Amino acid sequence: MALPGALWAELPAERRIFCSVLLFSWAVYLWEAFLAHRQRRVYRTTTHVPRELGQIMDSETFEKSRLYQLDKSTFSFWSGLYSEVEGTMILLCGGIPFLWNLSGQISGRAGFGPEYEIVQSLVFLLLATLFSAVTGLPWSLYNTFVIEEKHGFNQQTLGFFFKDAIKKFVVTQCILLPVTSLLLYIIKIGGDYFFIYAWLFTLVVSLVLVTIYADYIAPLFDKFIPLPEGELKQEIEVMAKSIDFPLTKVYVVEGSKRSSHSNAYFYGFFKNKRIVLFDTLLEDYSALNKEPAEGADGENEETKSKAKNKKQGCKNEEVLAVLGHELGHWKLGHTIKNIIISQMNSFLCFFLFAVLIGRKELFAAFGFYETQPTLIGLMIIFQFIFSPYNEVLSFCLTVLSRRFEFQADAFAKELGKAKDLYSALIKLNKDNLGFPVSDWIFSMWHYSHPPLLERLQALKDTKQE
């Protein structure tokens, strides 16, 4: 009787590659499902506020957050299972070569023969993203209008949801298709060192997108207004000046028309930095803290606030503490370090792609026996062959992110914001129904931000001084 190892060795290279990809994909899914099961057990069994949380969380909020996170975890399990089964069936049934051939037929009818590989690639990409959008739509609808609605976060109507989804799809295609066509062209004409040119191109594209996103892309979906003159704006400018942050503008984005979750971020290069605050972060500006004006029922009906979460958001001092944390990321060089890591990884991936792209067995493993399209090569190598490396890298970046978060908290402490950041973290956890108890393995693998209790403990000594 042949040993399993001998049987494996007898398989053609392309079959070993295909089976390895499937096995690793399911191994990752089962690992993630195991971690999620451990965390769901925490949600189910931790029904009372732990003693160490008694001073920062009331029992009603604790129960709300527990039920919210339990619903999200259950939803994530089923959507993840569907995604894994769908991906497996696509591979087993030859969905990728089928879609490639269909793209060739469509481009051929438009007068573009097999020699127009880039055109066929763009049709393939359009069909693939359309398929993904359609199959993902029921999950997105359920998440928005059942789970988020049930727990008071959804602020969208069905009409707004669909208009937003269509707009996102169109904008994505307007960016994705031209960028992909140029990348494929560079790879085609780049010669032996095409990977260098491809990497430089993606670097330029990423920098351009970061530069223009908040000014030209984000306003297509959300309303941005300058933060009105007043005490908060003055204090933000003073704090920015004290650490030499080259602030030029402060905006408030109307995030409450979509969700009551809160956020803040900064963007821009060199001497042109801008800060964006979600209105849900600001107690004084959040539409969720205001009753709809009388007679306004017909005005902007699709984005009208439902005012479900009264007194959401932070006071000015707490907003400044949150910004002190965010600006700490800039001052400590976290943003630059992340860009450098990202670009080093991108260069390595393009280099390895150049090494592997000539291996015909990689294409044969996924049903491409006669042709080796460049776009398919990018998909196979970046999505499937690199998946073990991507998992390891993702975990390392998660660990690094937690370290950066602690450092940014410490920076806010140095600015004298420990007390206000302490209270802001508690408020934001309450507003977003974050559950402060977590399984240690789940937390280690998934949390890019340290658990709430760990962050509060790091701030506690300074707060009490």
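Just so it is clear, glycine is given a Cβ too, placed from its N, Cα and C backbone atoms.
Automatic, uncurated: that is what TrEMBL annotation is.
Per TrEMBL, the features are as follows:
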type     : residues               : note
TRANSMEM : 15-35                  : transmembrane segment
DOMAIN   : 39-223                 : domain 'CAAX prenyl protease 1 N-terminal'
TRANSMEM : 118-142                : transmembrane segment
TRANSMEM : 169-187                : transmembrane segment
TRANSMEM : 193-214                : transmembrane segment
DOMAIN   : 226-462                : domain 'Peptidase M48'
BINDING  : His325, His329, Glu405 : Zn(2+) binding site
ACT_SITE : Glu326                 : active site
TRANSMEM : 347-369                : transmembrane segment
TRANSMEM : 375-400                : transmembrane segment
ACT_SITE : Asp409                 : active site, proton donor
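Candidate recorded positions: Glu326, Glu405, Asp409. Fewest other C-beta atoms within 10 angstroms, Glu326. Away from its own ends, the transmembrane segment (169-187) comes close to residues 117-118, 121-122, 125-126, 129-130, 133, 194, 197-198, 201-202, 205, 209, 217, 220, 374-375 of its chain (Cβ-Cβ under 8 Å, at least six residues beyond either end). Counting only the Cα atoms, the space from the residue listed as 'active site, proton donor' to His329 (Zn(2+) binding site) is about 9 angstrom. Non-local neighbours of the transmembrane segment (118-142) in the same chain are 75, 79, 82, 86, 99-100, 102-104, 106-107, 110, 112, 161, 165, 169, 172-173, 176-177, 180-181, 184-185, 188, 373-375; each lies 6+ residues outside the stretch with a CB under 8 Å from one of its CB atoms. Long-range neighbours of the transmembrane segment (347-369) within the same chain, counting only residues 6 or more positions beyond its ends whose Cβ lies under 8 Å from a Cβ of the stretch, are 12-15, 17-18, 21, 91, 94, 96-97, 100, 194-196, 198-199, 202, 376-378, 380-382, 384-386.
Packing around His329 (Zn(2+) binding site) is summarised by its Cβ count: 20 other Cβ atoms lie within 10 angstroms of its Cβ, all protein chains included. Averaged across the domain 'Peptidase M48' (226-462), pLDDT for the predicted model comes to 84.
Long-range neighbours of the transmembrane segment (15-35) within the same chain, counting only residues 6 or more positions beyond its ends whose Cβ lies under 8 Å from a Cβ of the stretch, are 8, 77, 80-81, 84, 87-88, 91, 361-362, 365-366, 384-385, 387-388, 391, 439, 441-442, 445-446. A gap of 9 Å separates the Cα atoms of Glu405 (Zn(2+) binding site) and the residue listed as 'active site'. Only residues 6 or more beyond the boundaries of the transmembrane segment (375-400), in the same chain, are considered here, and those with a CB under 8 A from a CB of the stretch are 17, 21, 24-25, 28, 96, 100, 121, 124-125, 180, 184, 341, 345, 349, 352-353, 356-357, 362-363, 365-366, 368, 445-448. Cβ atoms within 8 Å of the centroid of the Cβ atoms of His325, His329, Glu405 (the Zn(2+) site) belong to the same-chain residues Glu326, Gly328, His334, Phe404, Gln407, Ala408, Asp409, Phe411, Ala412, site residues excluded.
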